[in-house]
Amino acid sequence: MNAPQFRTGFGYDVHQLQAGYEFWLGGIKLDYALGAVGHSDADVLIHVICDALLGAANMRDIGYHFSDQDPAYKGIDSKILLKRVMELIRGAGYALGNLDSTICLQAFKVNPHIPAMKACLAEVMEVEEDQISIKATTTERLGFVGRSEGISAYCTVLIYKNN
Ligand SMILES: Nc1ccn([C@@H]2O[C@H](COP(=O)(O)O)[C@@H](O)[C@H]2O)c(=O)n1
Ligand SMILES: C[C@@]1(CO)OP(=O)(O)OP(=O)(O)OC[C@H]1O
């Protein structure tokens, strides 16, 4: 058999934080005074995972597939979008090697929630928890994250297909 084909992808996303919204992150709902604003449930971690996967497969980005102008996606659970992205990736013959992500959030520590996020995402993506890394950082009170005006996240992925 020929050597497998490896491809990397990268995702970055930002959502505003405001009172009166739910706070979905990594597929789970967190209890906080502010929530993330978006057309969907605004789960920034899932969005960067989707973008990294789509980028790795050279399949554009999340907004290309699920437009924020389309009422079908209003308030949608981002886990549904991630499932669809995994179907696209697998449909093109790719499997996930691993993903590594960083959440940028000042307001509270997400470390205690990371095991639940990993378990949730592994189930949605139908991969092993060991293939999913989630990290977190504040921005030392600097910038929009530091002022808790928003949350951002980054993700890299490795996907592969056997030739
Ligand atoms: N929202 C966050 C931010 C950070 N952490 C954890 O705390 C560590 C220290 O954060 P600094 O921004 O001060 O470097 C970081 O390495 C994370 O382990 C967190 O859980 N949630
Ligand atoms: C996920 C989508 C689709 O509902 O909406 P948002 O929640 O606004 O998220 P964003 O990352 O800004 O863009 C992708 C969108 O198309």
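The first residue you see is number 1, and the count goes up from there.
Including glycine, each Cβ sits where the backbone N, Cα and C put it.
Predicted automatically and left uncurated, TrEMBL annotations should be read as such.
From the candidate list His47, His65, the residue TrEMBL records in the divalent metal cation site shared with Asp13, His15 is His47. In the vicinity of ligand 1, defined as a Cβ distance under 6 Å, none of the binding-site residues Asp13, His15, His39, His47, Ile62, Asp70 are placed. For ligand 2, the neighbouring binding-site residues among Asp13, His39, Arg147 are Asp13, His39, by Cβ distance under 6 Å.
In the structure as shown, the Cβ atom of Ser67 (4-CDP-2-C-methyl-D-erythritol 2-phosphate binding site) sits within 10 Å of 12 other Cβ atoms.
Each of the binding-site residues His15, His39, His47, Arg147 was assessed for Cβ neighbours inside 10 Å, and the highest tally belongs to His47. Working note on the binding-site residues Asp13, Asp70: by count of other C-beta atoms within 10 Å of each C-beta, Asp13 ranks first. Annotation note: Thr139 (4-CDP-2-C-methyl-D-erythritol 2-phosphate binding site) sits in a coil segment as assigned by DSSP.
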